[in-house]
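S.K.: For reference, the structure I am asking about is given below.
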Amino acid sequence: MTVPIWITLLNIFGILAAAVLLAALLTWGERRLLGLWQDRPGPNRVGPFGLLQVVADMIKLFFKEDFVPRFADVPVFILAPAVVMATMLLSFAVLPISPTIGVIDLNIGLLFILAMSSMAVYSVILGGYASNNKYALLGGLRAAAQTVSYEVFMGLSLMGVVMLSGSFNLREIVSAQQDGWYLLPQFIGFVVFFIAGIAESHRLPFDLPEAEHELTAGFHTEYSGMKFGIFFVGEYLSVILISALITTLFLGGWLGPWLPPLVWFSLKTAFLVLLFILLRAALPRPRYDQLMQFGWKVMLPLSLLNLLVTAGALLWIG
Amino acid sequence: MIASQLRSMWLVFRHLFRRNATVQYPEEKPYLAPRYRGRIVLTRDPDGEERCVACNLCAAACPPDCIALQKTEDEDGRWRPAWFRINFSRCIMCGLCEDACPTYAIQLTPDFEMCEYDRQNMVYEKEDLLISGPGKYHDYSFYRIAGKAVAGKKKGEAEQESKPVEIKSLNL
(Lines of atoms letter the chains of each structure in order from A and count residues from 1; the text may use other names and numbers.)
(Lines give C-alpha, C1' and ligand atoms only; values in the text may rest on other atoms or scores of the structure.)
Protein backbone atom coordinates (compact mmCIF):
# COMPACT_ATOMS: atom_id res chain seq x y z
CA MET A 1 0.00 0.00 0.00
CA THR A 2 1.39 3.32 -1.03
CA VAL A 3 -1.45 5.37 0.42
CA PRO A 4 -0.69 6.51 3.98
CA ILE A 5 -3.01 5.15 6.62
CA TRP A 6 -4.33 8.54 7.70
CA ILE A 7 -5.61 9.26 4.21
CA THR A 8 -7.48 5.98 4.21
CA LEU A 9 -8.95 6.76 7.62
CA LEU A 10 -9.90 10.24 6.47
CA ASN A 11 -11.62 8.72 3.47
CA ILE A 12 -13.52 6.19 5.56
CA PHE A 13 -14.76 8.59 8.21
CA GLY A 14 -15.22 11.46 5.80
CA ILE A 15 -17.49 9.44 3.52
CA LEU A 16 -19.31 7.93 6.50
CA ALA A 17 -19.94 11.31 8.07
CA ALA A 18 -20.83 12.96 4.77
CA ALA A 19 -23.27 10.21 3.81
CA VAL A 20 -25.11 10.24 7.14
CA LEU A 21 -25.09 14.02 7.34
CA LEU A 22 -26.39 14.41 3.80
CA ALA A 23 -29.09 11.83 4.41
CA ALA A 24 -30.17 13.76 7.50
CA LEU A 25 -30.07 17.05 5.63
CA LEU A 26 -32.13 15.49 2.88
CA THR A 27 -35.06 15.16 5.30
CA TRP A 28 -35.01 18.95 5.44
CA GLY A 29 -34.25 19.37 1.74
CA GLU A 30 -37.06 17.12 0.66
CA ARG A 31 -39.64 18.80 2.86
CA ARG A 32 -38.47 22.22 1.73
CA LEU A 33 -38.67 21.31 -1.95
CA LEU A 34 -42.00 19.56 -1.59
CA GLY A 35 -43.23 22.69 0.13
CA LEU A 36 -42.02 24.96 -2.64
CA TRP A 37 -43.61 22.73 -5.24
CA GLN A 38 -46.86 22.91 -3.33
CA ASP A 39 -46.72 26.74 -3.18
CA ARG A 40 -45.72 26.95 0.47
CA PRO A 41 -42.32 27.64 2.07
CA GLY A 42 -41.80 24.37 3.95
CA PRO A 43 -39.81 24.20 7.21
CA ASN A 44 -38.07 27.59 7.45
CA ARG A 45 -38.13 28.44 11.15
CA VAL A 46 -35.24 26.66 12.84
CA GLY A 47 -31.93 28.28 11.95
CA PRO A 48 -31.03 29.85 8.59
CA PHE A 49 -33.51 28.67 5.95
CA GLY A 50 -34.74 26.11 8.48
CA LEU A 51 -31.50 24.16 8.10
CA LEU A 52 -31.43 23.27 11.77
CA GLN A 53 -34.80 21.54 11.43
CA VAL A 54 -32.74 18.35 11.21
CA VAL A 55 -31.29 19.03 14.65
CA ALA A 56 -34.71 19.73 16.08
CA ASP A 57 -36.05 16.51 14.59
CA MET A 58 -33.09 14.57 15.94
CA ILE A 59 -33.59 15.93 19.45
CA LYS A 60 -37.27 15.08 19.25
CA LEU A 61 -36.63 11.53 18.03
CA PHE A 62 -33.97 10.88 20.66
CA PHE A 63 -36.14 12.02 23.52
CA LYS A 64 -39.18 10.02 22.44
CA GLU A 65 -39.98 6.85 24.28
CA ASP A 66 -38.14 3.95 22.69
CA PHE A 67 -41.22 1.80 22.55
CA VAL A 68 -41.12 -1.90 21.74
CA PRO A 69 -44.57 -3.49 21.51
CA ARG A 70 -45.30 -6.32 23.93
CA PHE A 71 -46.22 -8.62 21.06
CA ALA A 72 -43.11 -7.93 18.97
CA ASP A 73 -40.22 -10.29 18.32
CA VAL A 74 -37.81 -8.13 20.27
CA PRO A 75 -34.31 -9.01 18.93
CA VAL A 76 -35.47 -8.96 15.31
CA PHE A 77 -37.48 -5.82 15.92
CA ILE A 78 -34.35 -4.03 17.13
CA LEU A 79 -32.10 -5.51 14.47
CA ALA A 80 -34.29 -4.56 11.49
CA PRO A 81 -33.57 -0.81 11.32
CA ALA A 82 -29.87 -1.43 11.85
CA VAL A 83 -29.73 -3.68 8.78
CA VAL A 84 -30.86 -1.02 6.33
CA MET A 85 -28.42 1.51 7.76
CA ALA A 86 -25.51 -0.95 7.72
CA THR A 87 -26.06 -2.22 4.18
CA MET A 88 -26.50 1.26 2.78
CA LEU A 89 -23.37 2.58 4.48
CA LEU A 90 -21.39 -0.46 3.34
CA SER A 91 -22.42 0.24 -0.24
CA PHE A 92 -20.92 3.70 0.02
CA ALA A 93 -17.54 2.05 0.60
CA VAL A 94 -17.09 1.06 -3.04
CA LEU A 95 -18.40 4.28 -4.58
CA PRO A 96 -15.66 6.14 -6.43
CA ILE A 97 -16.39 9.76 -5.60
CA SER A 98 -13.33 11.24 -7.25
CA PRO A 99 -9.99 9.85 -8.47
CA THR A 100 -8.60 10.21 -4.94
CA ILE A 101 -11.70 9.88 -2.80
CA GLY A 102 -13.20 6.46 -2.16
CA VAL A 103 -12.75 3.84 0.51
CA ILE A 104 -12.03 0.66 -1.38
CA ASP A 105 -11.38 -0.24 -5.01
CA LEU A 106 -13.22 -3.56 -5.37
CA ASN A 107 -12.98 -5.30 -8.73
CA ILE A 108 -16.58 -6.50 -8.25
CA GLY A 109 -17.80 -3.20 -6.87
CA LEU A 110 -20.99 -3.19 -8.90
CA LEU A 111 -21.95 -6.69 -7.77
CA PHE A 112 -21.18 -5.70 -4.20
CA ILE A 113 -23.59 -2.79 -4.35
CA LEU A 114 -26.31 -4.90 -5.94
CA ALA A 115 -25.82 -7.51 -3.22
CA MET A 116 -25.99 -4.88 -0.49
CA SER A 117 -29.15 -3.33 -1.85
CA SER A 118 -30.71 -6.80 -1.93
CA MET A 119 -29.67 -7.30 1.68
CA ALA A 120 -31.42 -4.07 2.60
CA VAL A 121 -34.76 -5.68 1.87
CA TYR A 122 -34.23 -7.93 4.91
CA SER A 123 -34.59 -4.85 7.04
CA VAL A 124 -38.05 -4.16 5.66
CA ILE A 125 -39.22 -7.75 5.74
CA LEU A 126 -37.86 -8.45 9.22
CA GLY A 127 -39.23 -5.17 10.49
CA GLY A 128 -42.64 -6.04 9.10
CA TYR A 129 -42.51 -9.56 10.45
CA ALA A 130 -41.17 -8.72 13.90
CA SER A 131 -43.78 -6.01 14.47
CA ASN A 132 -46.42 -8.76 14.60
CA ASN A 133 -48.91 -6.37 13.08
CA LYS A 134 -51.09 -6.99 10.05
CA TYR A 135 -50.28 -3.72 8.34
CA ALA A 136 -46.58 -4.18 8.97
CA LEU A 137 -46.65 -7.73 7.67
CA LEU A 138 -48.51 -6.68 4.52
CA GLY A 139 -45.95 -3.93 4.00
CA GLY A 140 -43.13 -6.41 4.49
CA LEU A 141 -44.68 -8.84 2.03
CA ARG A 142 -45.10 -6.14 -0.57
CA ALA A 143 -41.52 -5.04 -0.03
CA ALA A 144 -40.31 -8.58 -0.54
CA ALA A 145 -42.23 -9.14 -3.77
CA GLN A 146 -41.39 -5.68 -5.09
CA THR A 147 -37.70 -5.93 -4.37
CA VAL A 148 -37.34 -9.45 -5.71
CA SER A 149 -39.03 -8.59 -8.99
CA TYR A 150 -37.31 -5.24 -9.48
CA GLU A 151 -33.95 -6.67 -8.47
CA VAL A 152 -34.05 -8.93 -11.52
CA PHE A 153 -33.92 -6.24 -14.15
CA MET A 154 -32.04 -3.80 -11.95
CA GLY A 155 -29.10 -6.13 -12.40
CA LEU A 156 -29.90 -6.85 -16.03
CA SER A 157 -30.12 -3.17 -16.94
CA LEU A 158 -26.55 -2.68 -15.71
CA MET A 159 -25.13 -5.50 -17.78
CA GLY A 160 -25.07 -3.23 -20.81
CA VAL A 161 -22.78 -0.84 -18.94
CA VAL A 162 -20.62 -3.75 -17.81
CA MET A 163 -20.37 -5.04 -21.38
CA LEU A 164 -19.40 -1.65 -22.76
CA SER A 165 -16.74 -1.02 -20.16
CA GLY A 166 -15.72 -4.66 -19.75
CA SER A 167 -15.46 -4.35 -15.98
CA PHE A 168 -17.38 -4.65 -12.73
CA ASN A 169 -15.00 -2.18 -11.13
CA LEU A 170 -16.75 1.15 -10.64
CA ARG A 171 -13.54 3.15 -11.10
CA GLU A 172 -12.85 1.46 -14.42
CA ILE A 173 -16.45 2.03 -15.51
CA VAL A 174 -15.98 5.75 -14.86
CA SER A 175 -12.65 5.82 -16.69
CA ALA A 176 -14.25 4.01 -19.63
CA GLN A 177 -16.67 6.92 -20.01
CA GLN A 178 -13.83 9.30 -20.84
CA ASP A 179 -14.99 9.46 -24.48
CA GLY A 180 -18.70 9.76 -23.73
CA TRP A 181 -21.17 9.06 -20.98
CA TYR A 182 -23.09 5.81 -21.09
CA LEU A 183 -26.30 7.81 -20.83
CA LEU A 184 -26.71 7.87 -24.62
CA PRO A 185 -25.67 4.35 -25.70
CA GLN A 186 -27.38 2.86 -22.65
CA PHE A 187 -30.40 5.14 -22.47
CA ILE A 188 -32.84 2.24 -21.96
CA GLY A 189 -30.55 0.82 -19.32
CA PHE A 190 -30.52 4.21 -17.60
CA VAL A 191 -34.30 4.51 -17.58
CA VAL A 192 -34.80 0.94 -16.39
CA PHE A 193 -32.19 1.30 -13.68
CA PHE A 194 -33.66 4.59 -12.51
CA ILE A 195 -37.14 3.10 -12.20
CA ALA A 196 -35.78 0.00 -10.50
CA GLY A 197 -33.81 2.27 -8.17
CA ILE A 198 -36.97 4.06 -7.12
CA ALA A 199 -38.59 0.70 -6.40
CA GLU A 200 -35.51 -0.50 -4.53
CA SER A 201 -35.42 2.49 -2.23
CA HIS A 202 -39.22 2.31 -1.71
CA ARG A 203 -39.60 5.90 -2.80
CA LEU A 204 -42.77 7.40 -4.15
CA PRO A 205 -44.35 6.61 -6.56
CA PHE A 206 -43.28 3.04 -5.72
CA ASP A 207 -43.55 3.27 -1.95
CA LEU A 208 -46.14 0.51 -1.73
CA PRO A 209 -44.47 -1.18 1.27
CA GLU A 210 -45.35 1.85 3.37
CA ALA A 211 -48.31 3.25 1.38
CA GLU A 212 -49.82 5.53 4.03
CA HIS A 213 -53.30 5.49 2.57
CA GLU A 214 -53.66 1.74 2.63
CA LEU A 215 -51.27 0.38 5.25
CA THR A 216 -51.05 3.26 7.78
CA ALA A 217 -47.25 3.18 7.59
CA GLY A 218 -46.59 -0.31 6.26
CA PHE A 219 -43.56 -2.05 7.64
CA HIS A 220 -42.66 0.66 10.16
CA THR A 221 -46.14 1.01 11.66
CA GLU A 222 -44.97 -0.14 15.10
CA TYR A 223 -41.68 1.76 15.09
CA SER A 224 -41.16 4.96 17.01
CA GLY A 225 -38.37 7.19 18.22
CA MET A 226 -34.92 6.79 16.73
CA LYS A 227 -35.63 3.33 15.28
CA PHE A 228 -38.23 4.99 13.09
CA GLY A 229 -35.68 7.70 12.36
CA ILE A 230 -33.11 5.14 11.26
CA PHE A 231 -35.55 3.66 8.76
CA PHE A 232 -35.91 7.11 7.30
CA VAL A 233 -32.22 7.89 7.26
CA GLY A 234 -31.78 4.50 5.56
CA GLU A 235 -34.31 5.48 2.93
CA TYR A 236 -32.56 8.77 2.26
CA LEU A 237 -29.21 7.01 2.21
CA SER A 238 -30.53 4.70 -0.47
CA VAL A 239 -31.79 7.68 -2.46
CA ILE A 240 -28.32 9.20 -2.34
CA LEU A 241 -26.76 5.84 -3.11
CA ILE A 242 -28.93 5.19 -6.17
CA SER A 243 -28.29 8.73 -7.39
CA ALA A 244 -24.55 8.37 -6.88
CA LEU A 245 -24.65 5.01 -8.62
CA ILE A 246 -26.50 6.40 -11.63
CA THR A 247 -23.94 9.22 -11.72
CA THR A 248 -21.12 6.70 -11.71
CA LEU A 249 -22.60 4.31 -14.23
CA PHE A 250 -24.39 6.54 -16.71
CA LEU A 251 -23.33 10.15 -16.18
CA GLY A 252 -19.59 9.72 -16.19
CA GLY A 253 -19.01 9.90 -12.44
CA TRP A 254 -16.47 12.60 -11.58
CA LEU A 255 -15.64 13.32 -15.24
CA GLY A 256 -16.36 16.80 -16.50
CA PRO A 257 -14.59 19.92 -17.73
CA TRP A 258 -13.26 22.89 -15.70
CA LEU A 259 -14.64 22.01 -12.28
CA PRO A 260 -12.82 19.67 -9.87
CA PRO A 261 -13.97 16.03 -9.91
CA LEU A 262 -15.63 16.16 -6.49
CA VAL A 263 -17.80 19.10 -7.55
CA TRP A 264 -18.88 17.35 -10.75
CA PHE A 265 -19.78 14.22 -8.85
CA SER A 266 -21.75 16.16 -6.24
CA LEU A 267 -23.56 18.23 -8.85
CA LYS A 268 -24.67 15.22 -10.86
CA THR A 269 -25.75 13.34 -7.74
CA ALA A 270 -27.62 16.34 -6.38
CA PHE A 271 -29.43 16.72 -9.68
CA LEU A 272 -30.59 13.11 -9.53
CA VAL A 273 -31.68 13.46 -5.91
CA LEU A 274 -33.75 16.45 -6.98
CA LEU A 275 -35.29 14.30 -9.68
CA PHE A 276 -36.18 11.70 -7.03
CA ILE A 277 -37.93 14.34 -4.96
CA LEU A 278 -39.68 15.78 -7.99
CA LEU A 279 -41.01 12.32 -8.80
CA ARG A 280 -42.42 12.15 -5.30
CA ALA A 281 -44.03 15.55 -5.65
CA ALA A 282 -45.57 14.91 -9.05
CA LEU A 283 -46.58 11.31 -9.55
CA PRO A 284 -49.34 9.26 -7.92
CA ARG A 285 -48.76 5.78 -6.57
CA PRO A 286 -49.81 2.86 -8.82
CA ARG A 287 -51.89 -0.06 -7.58
CA TYR A 288 -49.91 -3.05 -6.37
CA ASP A 289 -50.82 -5.37 -9.26
CA GLN A 290 -50.01 -2.55 -11.70
CA LEU A 291 -46.58 -2.26 -10.14
CA MET A 292 -45.93 -5.98 -10.56
CA GLN A 293 -47.30 -6.02 -14.09
CA PHE A 294 -45.18 -3.04 -15.04
CA GLY A 295 -42.11 -4.74 -13.65
CA TRP A 296 -42.49 -8.12 -15.26
CA LYS A 297 -44.26 -7.22 -18.51
CA VAL A 298 -42.56 -3.93 -19.45
CA MET A 299 -39.31 -3.44 -17.59
CA LEU A 300 -37.98 -6.98 -17.80
CA PRO A 301 -38.48 -7.40 -21.58
CA LEU A 302 -37.09 -3.91 -22.08
CA SER A 303 -33.91 -4.64 -20.16
CA LEU A 304 -33.51 -8.01 -21.93
CA LEU A 305 -33.90 -6.26 -25.28
CA ASN A 306 -31.35 -3.68 -24.23
CA LEU A 307 -28.96 -6.44 -23.27
CA LEU A 308 -29.47 -8.22 -26.59
CA VAL A 309 -29.01 -5.09 -28.69
CA THR A 310 -25.92 -3.99 -26.75
CA ALA A 311 -24.36 -7.41 -27.06
CA GLY A 312 -25.18 -7.59 -30.79
CA ALA A 313 -23.80 -4.16 -31.46
CA LEU A 314 -20.63 -4.92 -29.56
CA LEU A 315 -20.13 -8.14 -31.54
CA TRP A 316 -20.86 -6.39 -34.83
CA ILE A 317 -18.40 -3.58 -34.16
CA GLY A 318 -15.91 -6.22 -33.21
CA MET B 1 -48.77 7.73 -20.76
CA ILE B 2 -45.10 8.59 -20.38
CA ALA B 3 -45.73 12.00 -21.92
CA SER B 4 -48.42 12.79 -19.37
CA GLN B 5 -46.14 11.72 -16.51
CA LEU B 6 -43.35 13.94 -17.81
CA ARG B 7 -45.79 16.78 -18.29
CA SER B 8 -47.08 16.55 -14.74
CA MET B 9 -43.47 16.52 -13.49
CA TRP B 10 -42.77 19.65 -15.51
CA LEU B 11 -45.92 21.35 -14.23
CA VAL B 12 -44.99 20.57 -10.64
CA PHE B 13 -41.44 21.77 -11.22
CA ARG B 14 -42.70 25.12 -12.48
CA HIS B 15 -44.26 25.74 -9.08
CA LEU B 16 -40.73 26.35 -7.78
CA PHE B 17 -41.00 29.81 -9.28
CA ARG B 18 -44.51 30.60 -8.09
CA ARG B 19 -45.39 32.80 -5.14
CA ASN B 20 -46.37 31.01 -1.99
CA ALA B 21 -50.04 30.58 -1.36
CA THR B 22 -49.42 30.60 2.39
CA VAL B 23 -48.63 33.50 4.73
CA GLN B 24 -45.86 33.54 7.36
CA TYR B 25 -48.50 33.89 10.03
CA PRO B 26 -47.27 35.43 13.26
CA GLU B 27 -45.05 37.94 11.46
CA GLU B 28 -47.31 38.44 8.49
CA LYS B 29 -51.04 38.70 9.11
CA PRO B 30 -53.55 37.54 6.53
CA TYR B 31 -56.10 40.06 5.25
CA LEU B 32 -59.35 39.84 7.18
CA ALA B 33 -62.45 41.36 5.63
CA PRO B 34 -64.29 43.94 7.77
CA ARG B 35 -67.14 41.50 8.15
CA TYR B 36 -64.91 38.53 8.90
CA ARG B 37 -66.57 36.26 11.46
CA GLY B 38 -64.32 36.18 14.53
CA ARG B 39 -64.53 37.03 18.22
CA ILE B 40 -68.04 38.06 19.31
CA VAL B 41 -68.71 41.41 20.96
CA LEU B 42 -71.75 43.10 22.51
CA THR B 43 -72.20 46.63 21.17
CA ARG B 44 -73.80 49.76 22.59
CA ASP B 45 -76.30 52.10 20.94
CA PRO B 46 -75.28 55.70 20.03
CA ASP B 47 -76.28 56.86 23.52
CA GLY B 48 -73.85 54.47 25.10
CA GLU B 49 -76.49 52.12 26.46
CA GLU B 50 -76.27 48.37 26.02
CA ARG B 51 -78.12 47.28 22.92
CA CYS B 52 -78.89 43.77 24.13
CA VAL B 53 -82.51 43.33 25.19
CA ALA B 54 -82.02 39.77 26.52
CA CYS B 55 -84.46 38.26 24.04
CA ASN B 56 -82.52 34.98 24.02
CA LEU B 57 -82.78 34.62 20.22
CA CYS B 58 -78.99 34.32 19.88
CA ALA B 59 -78.90 31.59 22.52
CA ALA B 60 -81.70 29.76 20.68
CA ALA B 61 -79.97 30.11 17.30
CA CYS B 62 -76.54 29.05 18.53
CA PRO B 63 -75.75 25.58 17.09
CA PRO B 64 -73.14 24.54 19.69
CA ASP B 65 -75.16 26.16 22.49
CA CYS B 66 -72.34 28.34 23.73
CA ILE B 67 -74.39 31.45 24.62
CA ALA B 68 -76.16 31.80 27.95
CA LEU B 69 -77.85 34.87 29.48
CA GLN B 70 -80.40 35.96 32.05
CA LYS B 71 -82.96 38.71 31.49
CA THR B 72 -83.73 41.48 33.96
CA GLU B 73 -85.83 44.60 33.59
CA ASP B 74 -84.80 48.10 34.61
CA GLU B 75 -87.16 50.44 36.45
CA ASP B 76 -87.38 52.52 33.22
CA GLY B 77 -88.91 49.52 31.45
CA ARG B 78 -85.88 48.50 29.42
CA TRP B 79 -84.88 44.85 29.19
CA ARG B 80 -81.26 43.99 29.91
CA PRO B 81 -79.21 40.87 30.37
CA ALA B 82 -78.32 40.41 34.04
CA TRP B 83 -75.40 38.37 32.88
CA PHE B 84 -74.29 37.31 29.43
CA ARG B 85 -71.82 34.50 28.87
CA ILE B 86 -70.21 33.11 25.72
CA ASN B 87 -68.07 30.02 25.92
CA PHE B 88 -65.53 30.58 23.14
CA SER B 89 -64.06 27.14 23.50
CA ARG B 90 -67.35 25.93 22.03
CA CYS B 91 -68.14 28.79 19.66
CA ILE B 92 -67.81 27.90 15.98
CA MET B 93 -67.94 31.51 14.73
CA CYS B 94 -70.91 30.72 12.48
CA GLY B 95 -72.51 34.14 12.95
CA LEU B 96 -76.03 32.80 13.38
CA CYS B 97 -76.33 34.77 16.63
CA GLU B 98 -75.57 37.97 14.74
CA ASP B 99 -78.24 37.06 12.17
CA ALA B 100 -80.76 36.28 14.87
CA CYS B 101 -80.17 39.42 16.93
CA PRO B 102 -83.09 41.88 16.51
CA THR B 103 -81.12 44.85 17.93
CA TYR B 104 -77.68 44.53 16.28
CA ALA B 105 -76.32 44.00 19.78
CA ILE B 106 -74.28 40.89 19.15
CA GLN B 107 -71.69 41.25 16.37
CA LEU B 108 -68.72 39.28 15.11
CA THR B 109 -65.37 41.01 14.66
CA PRO B 110 -62.29 40.30 12.51
CA ASP B 111 -60.23 38.86 15.35
CA PHE B 112 -59.56 35.19 15.89
CA GLU B 113 -56.49 35.27 18.13
CA MET B 114 -58.02 34.09 21.38
CA CYS B 115 -55.49 31.54 22.62
CA GLU B 116 -55.50 30.82 26.33
CA TYR B 117 -53.47 28.46 28.48
CA ASP B 118 -56.47 27.84 30.72
CA ARG B 119 -59.67 26.59 29.18
CA GLN B 120 -61.74 28.45 31.74
CA ASN B 121 -60.38 31.73 30.38
CA MET B 122 -62.21 31.06 27.14
CA VAL B 123 -65.51 31.75 28.87
CA TYR B 124 -66.22 35.44 28.33
CA GLU B 125 -68.58 37.30 30.67
CA LYS B 126 -70.62 40.38 29.81
CA GLU B 127 -67.85 42.76 30.94
CA ASP B 128 -65.43 41.00 28.56
CA LEU B 129 -67.86 41.07 25.67
CA LEU B 130 -69.14 44.64 25.90
CA ILE B 131 -67.38 47.25 23.79
CA SER B 132 -67.82 51.00 24.10
CA GLY B 133 -68.94 51.65 20.52
CA PRO B 134 -71.83 50.80 18.21
CA GLY B 135 -69.91 48.31 16.04
CA LYS B 136 -70.94 48.05 12.40
CA TYR B 137 -74.22 49.99 12.75
CA HIS B 138 -73.42 53.50 13.91
CA ASP B 139 -76.88 55.09 14.17
CA TYR B 140 -79.13 52.24 15.14
CA SER B 141 -80.86 52.48 18.48
CA PHE B 142 -83.52 49.89 19.23
CA TYR B 143 -85.55 51.84 21.79
CA ARG B 144 -85.80 54.90 19.51
CA ILE B 145 -87.38 52.81 16.78
CA ALA B 146 -89.27 50.08 18.58
CA GLY B 147 -92.84 50.53 19.69
CA LYS B 148 -92.15 49.45 23.26
CA ALA B 149 -92.91 52.10 25.85
CA VAL B 150 -90.04 52.94 28.15
CA ALA B 151 -89.41 55.82 30.51
CA GLY B 152 -89.22 59.04 28.49
CA LYS B 153 -90.92 57.55 25.45
CA LYS B 154 -94.58 56.63 25.38
CA LYS B 155 -96.37 54.38 22.90
CA GLY B 156 -96.41 55.94 19.44
CA GLU B 157 -93.49 58.28 20.05
CA ALA B 158 -90.88 56.18 18.36
CA GLU B 159 -89.34 57.18 15.04
CA GLN B 160 -91.52 56.31 12.05
CA GLU B 161 -94.29 55.20 14.36
CA SER B 162 -97.80 56.61 14.09
CA LYS B 163 -99.91 57.42 17.12
CA PRO B 164 -101.85 54.48 18.50
CA VAL B 165 -105.47 54.34 17.37
CA GLU B 166 -107.87 55.43 20.08
CA ILE B 167 -110.51 52.77 19.47
CA LYS B 168 -112.89 54.24 22.10
CA SER B 169 -112.92 57.75 20.63
CA LEU B 170 -115.59 58.79 18.08
CA ASN B 171 -113.49 60.97 15.72
CA LEU B 172 -112.33 58.16 13.49
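Placement of Cβ uses the backbone N, Cα and C atoms for every residue, glycine included.
Annotations in TrEMBL come from automatic prediction, not curation.
Here's the feature list from TrEMBL:
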type	residues	note
TRANSMEM	A:7-26	transmembrane segment
TRANSMEM	A:75-97	transmembrane segment
TRANSMEM	A:109-129	transmembrane segment
TRANSMEM	A:150-168	transmembrane segment
TRANSMEM	A:180-199	transmembrane segment
TRANSMEM	A:236-256	transmembrane segment
TRANSMEM	A:262-282	transmembrane segment
TRANSMEM	A:294-317	transmembrane segment
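I'm curious about the neighbourhood of these features; can you describe it?
M.R.: Note on the transmembrane segment (A:7-26): residues 51, 54, 58, 88-89, 92-93, 95, 97, 101-103, 233, 236-237, 239-240, 273 of its chain, located 6 or more positions outside it, place their CB under 8 angstroms from a CB of the stretch.
Cβ atoms under 8 Å from those of the transmembrane segment (A:150-168) belong to residues 107-111, 114, 117-118, 176-177, 182, 185-186, 188-190, 192-193, 196-197, 199-200, 249-250, 295, 299-300, 302-304, 306-307, 310-311, 314 of the same chain, restricted to positions at least 6 beyond its ends.
Sequence-distant contacts of the transmembrane segment (A:180-199), counting only residues of its own chain at least 6 positions beyond either end whose CB sits under 8 Å from a CB of the stretch, comprise 146-147, 150-151, 153-154, 156-158, 160-161, 164-165, 205-206, 242, 245-246, 249-252, 255, 276, 279, 291, 295, 299, 302-303, 305-306, 310.
Note on the transmembrane segment (A:236-256): residues 19-20, 22-24, 26-27, 30, 84-85, 88-89, 91-92, 95-99, 110, 113, 117, 120, 158, 161, 170, 173-174, 177-178, 181-183, 186, 189-190, 193-194, 197-198, 200-201, 203, 262, 264-265, 268-270, 272-273, 275-276 of its chain, located 6 or more positions outside it, place their CB under 8 angstroms from a CB of the stretch.
Cβ atoms under 8 Å from those of the transmembrane segment (A:294-317) belong to residues 146, 149-150, 152-153, 156-157, 159-160, 163-164, 185-186, 188-189, 192, 195-196, 199, 286 of the same chain, restricted to positions at least 6 beyond its ends.
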